[in-house]
Amino acid sequence: VETLEMNSPPTQSPKPPLKPPQIIEAITTILTSEKSDPHSLTPFIPHLTPLIILSILSSKTLASRPATLLSFFRWAHNHIPTFSLLNPTQTIPSLLTLLSSLFRHNKFADAKSLLVKFIATDRRHDLHRSILHPERSLPRPSKALLDTAIGAYVQLGRPHLASQIFKKMKRLRLRPNLLTCNTLLISLVRYPSSLSVPFCREIFNDAIKLGVVPGTSTFNILINGYCTENKFKDAMELLNQMSEFDCQPDNVTYNTILDALCKKGQLNEVRDLLMDMKNRGLSPNRNTYNILVYGYCKMGWLKEATRVIELMMQNNLLPDIWTYNMLINGFCNEGKIEEAFRLQNEMENLKLLPDVVTYNTLINGCFEWKSSLEALKLLEEMSGKGVKPNEVTHNIMIKWYCKEGKMDEASNTVRKMEESGFFPDHVTYNTLINGYCKVGNLAEALKMMNEMGMKGLKMDTVTLNTVLHNLCGERKLNEAYELLTSANKRGYNVDEVSYGTLIVGYFKDDNVDKAVKLWDEMKEKDIIPSIVTYNSIIGGLCKSGKTEQAITKLNELLENGLVPNETTYNTIIHGYCWEGNVEKAFQFHNKMVENSFKPDVFTCNILLRGLCREGMLEKALKLFNTWISKGKISDAVTYNTLITALCKEGRLEDALGLVAEMEVKKLGPDHYTYNECRSPCTY
């Protein structure tokens, strides 16, 4: 009897895994449906590989749907781990395929946006390599791709990568569009490199060879590049070359060159260029006049700057607030504060309301040329007219209070600054530190320095050197050395003055070994000492009785191409005399005279004192007479040195004779002279 087992369900065999063609067909169907739902793609996530995604993006069925392809690409990026931006090598073939579709349908904005997003995470520049050296399986880069890629790399601040793609276009004889060229040129001009502008010119020339017709904007970009490097001759040559390409210079062209010339103070060239501008039928615009006002004010030519404003009005161009602010600043710099106030009234009559820059300039001018009372009145007027002080206003007040030693007022201004919503910046702190050092309050200066560091602000080198100087002045040499050696960790920039300050401090503390050691440390750090710093160590060694060691430093500075000055020579001569070696002092003196050294009155006084100290009075008198016979200058020290020595020898009559000479030459005599005549001193 046949029995049926109704209770047992039939065994279901597992579904076979989907094959790539089935996956591609299924996803293509979903993407082409009118009500395409991204959630419908979720079941396929485990089955999708970069190769399958590439096949879908290459599908002929989807070829006419660039928006759909772009949406699918973005979906895959967000959901498929092997297809993320973190795995660019797996993504690049699909990206390039999608870009080809976008370009075919003129979706250039979408293409560039996609490139920018991809490049931003492509730290190893895999896409850049794929564009420059595509694999055989990938399509040859199109002109559209290369053009757009240049723009994308430029947008992300990578102009030199963009320029390499431009070079590929050159090799392929593909003509870039003008916008691409201009964008690349702008980015290179702005790039901080000494080679940027020459590279720009090379790209400019290559673009022309490829058939690009430059426009006025193209020339303006390159002219701006030359002007930033002060290559005015090249800028003018380029301006004159514009006509060869049916381009005419515009106001931007001329204003660019005029601005650069004014900043360099080359105002004769400015006049010539203005004439050329007018000959071409171009009228100066407000920007042109403002450039001229700036240039004239910088040179202190205030009459000419005022005349420019008159010309503006004659040409129906009203000055703007920027124009007046520059001119007011010019008059304040020259101390003509009343004229600056006249200009303030003039601008108000023209319905131009003074802004915070106007008031800051006038307040600073009042502090410098009038009084702090006048400056404070302006501050009240400023608030009364609804112009709020900014951080610059507060820093100006702090600067002048510090200069006047009014540190309590400076501190109160900082408090007001914070109450107004402004935070003290590096300018504020540097000013306060210098101010406290000036009034001898080193403890408060160090407190400000530490507070500054806690806020992530850095002292400038001048302020650092001021603190070092004050630490050395208070003989806190260990603290000074600790600050100097920790400067780099704190983000401070040290220079030869920083080291020189502490070297002098060690010499004053009679710690010659530490001074010399610090000198060696400075040289090891490739900090090149100037003649001033060399004079510091030479002076320290000489005063420490180590004149021969000082001579080695003299030879060192000569080997380094530095030229010794009178201080250098006088210091060594004084060193020999101080050691009682007058003969060597004269030998050195004579040798240096042969090398164009011109002794001055200080040299004479050093030698006279050296001779007198060693009891060589007759030689001293002979030197003095020779010196005077040559018409050289003498001073009270010269006479007092000899008078003291003569009195010591009991030659009062000769001493009084020199006193009479002093009176004739109106060099005194002073109390010291008379005291020596009354009571001979001993050396």
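Placed from the backbone N, Cα and C atoms, the Cβ positions cover glycine too.
Where the annotation comes from TrEMBL, it is an automatic prediction and has not been curated.
The feature repeat 'PPR' is assigned by TrEMBL to 215-249, 285-319, 320-354, 355-389, 390-424, 425-459, 460-494, 495-529, 530-564, 565-599, 600-634, 635-669 (among others).
Cβ atoms under 8 Å from those of the repeat 'PPR' (530-564) belong to residues 496-497, 499-500, 503-504, 506-507, 510, 512, 515-516, 519, 571-572, 574-576, 578-579, 581, 584, 597 of the same chain, restricted to positions at least 6 beyond its ends. Here the repeat 'PPR' (600-634) has Cβ contacts under 8 Å with residues 566, 569-570, 573-574, 576-578, 580, 582, 585-586, 589, 641-642, 644-646, 649, 665, 667, 683 of the same chain, all six or more residues outside its ends. Residues 356, 359-360, 363-364, 367-368, 372, 375, 379, 382, 431-432, 434-436, 438-439, 441, 444 of the same chain lie 6 or more positions beyond the ends of the repeat 'PPR' (390-424) yet place their CB under 8 Å from a CB of it. Listed by sequence, the residues of this chain that lie at least six past the ends of the repeat 'PPR' (460-494) yet keep a Cβ under 8 A from its Cβ atoms are 426, 430, 433-434, 437, 440, 442, 445-446, 449, 453, 501-502, 504-506, 508-509, 511, 514, 518, 527. Helix, strand and coil content of the repeat 'PPR' (635-669), in residues and according to DSSP, is 26 helix, 0 strand, 9 coil. Long-range contacts of the repeat 'PPR' (495-529) within the same chain: residues 461, 464-465, 468-469, 471-472, 475, 477, 480-481, 484, 487, 536-537, 539-541, 543-544, 546, 557, 560, each at least 6 residues beyond the stretch ends and with a Cβ under 8 Å from a Cβ of the stretch.
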